[in-house]
Amino acid sequence: MDIPRDLLALVIYLIVLIGGLVRFKHKKFKYFSLWTGLFLVLYFCVLEIQNKTFFILIPLFFFLLFCYFYFKEKCRLRNGWLLNLFLISFMGYVALVTFSSISLIGIGILAILTLLLFLTVLFGLYAAIIFLIGNSFIVLRHESRRLPNLLTLILALAILALVILQTFGPKIFPGWAVILLSIPTTIAFYFFVVFWNFLSISLLYQINQPKYNQDFVIVLGAGLIDGRKVTPLLAKRIDRAIQFYRKQSEETSSPPQLLMSGGQGSNEKIPEAQAMREYALEQGIPAEDLLMETQSTNTLENMQFSKEIMDRKKPAGYHAIFTSNNYHIFRAGMYAQDVGLNIDGIGSKTARYYLPNAFLREFIAVALMNKHLHLIICGLITLGFVALSFVSYFFVR
């Protein structure tokens, strides 16, 4: 173990980290992530040179592959798979290098990861059940008792049922039936992996920071109060667009146009876009910087009809972004890419207590976009365990 080398590396890391955090006060997380990642790459490259090995090329390959597809199309689920493949390969690489060269920093990283894994395996399910039930009560204190607001409670009860089933099932049922009990557990694990992939890329997308060179900012509509006033949720979307509008005006003296996108629902007296425009006017946005799209009835149509307006306004090309609630921007970005809009989204803040429920709702919506694939995989899982149960019942004594 080369302790002087590792201590020197840690000192350099901490000095640069502290200096950067002081300088970039408003971008602390982004700076911490970038510098920590760069430091680890440089550190392990030095170890590779000393050991005359090239194992780092494996995680580096997945990282470059992720970067290529992410910056090409940010709102694709495959980016989550590639990101997690990189993280898994990097952790495997850290373990390999740590044991082969006895790295102090590697041992520290492995110790933290091992502790987290141990705590997750030991307490993860029970902690998740307690958290989800607690969160559901908080949501119900603030929100109506509609199905979309009960998702965390439903998930907690489903996990609890699986735990009880797997704990007491083997003691009650014969072997062939116990095999069948593995079907819901395996399907649940499959959807957990899919959800983790979705959550990984959704959270990464939250730190997106578009350049201040936009021609348009699309504001996605939502329901109205009494059919004519913007809701607090919709007001936050508009406020986020106005914040970007004013910041770009300060930076470039060339503000973007705010494109309010939302049609008129059956219980609404005016189109959502009109109510949004009136709200923006009240906030001091000039009328000439406001556009309206009043035909859309869902997010896909928001993007499609907004694209048609922008194409007419600037046929030679343009830069655009969209705003919505932070939990919604990834799925909205998927719809944007589906209609040929390669644009980024910026999210308005959502009450923290509502985020678990909101991300679950978004995950369900995204999963339904690929429902045929999920049904096929669930069907194969079911058939596999039914076949094993059949063999166990007739041929195993």
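Cβ atoms here come from the backbone N, Cα and C positions, even for glycine.
Quick look at what TrEMBL lists:
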type	residues	note
DOMAIN	215-364	domain 'DUF218'
REGION	247-267	region 'Disordered'
TRANSMEM	6-24	transmembrane segment
TRANSMEM	31-49	transmembrane segment
TRANSMEM	55-71	transmembrane segment
TRANSMEM	83-109	transmembrane segment
TRANSMEM	115-138	transmembrane segment
TRANSMEM	150-169	transmembrane segment
TRANSMEM	175-199	transmembrane segment
TRANSMEM	373-396	transmembrane segment
Non-local residues, at least 6 beyond the ends, that sit with Cβ under 8 Å of the transmembrane segment (55-71):
41, 44-45, 48, 78-79, 82-83, 85-86, 89-90, 92-93, 96-97
Please figure out which one of 6-24, 83-109, 175-199 racks up the most CB pairs under 8 Å against the transmembrane segment (31-49).
6-24
Please spell out the DSSP helix, strand and coil residue counts for the domain 'DUF218' (215-364).
73 helix, 29 strand, 48 coil
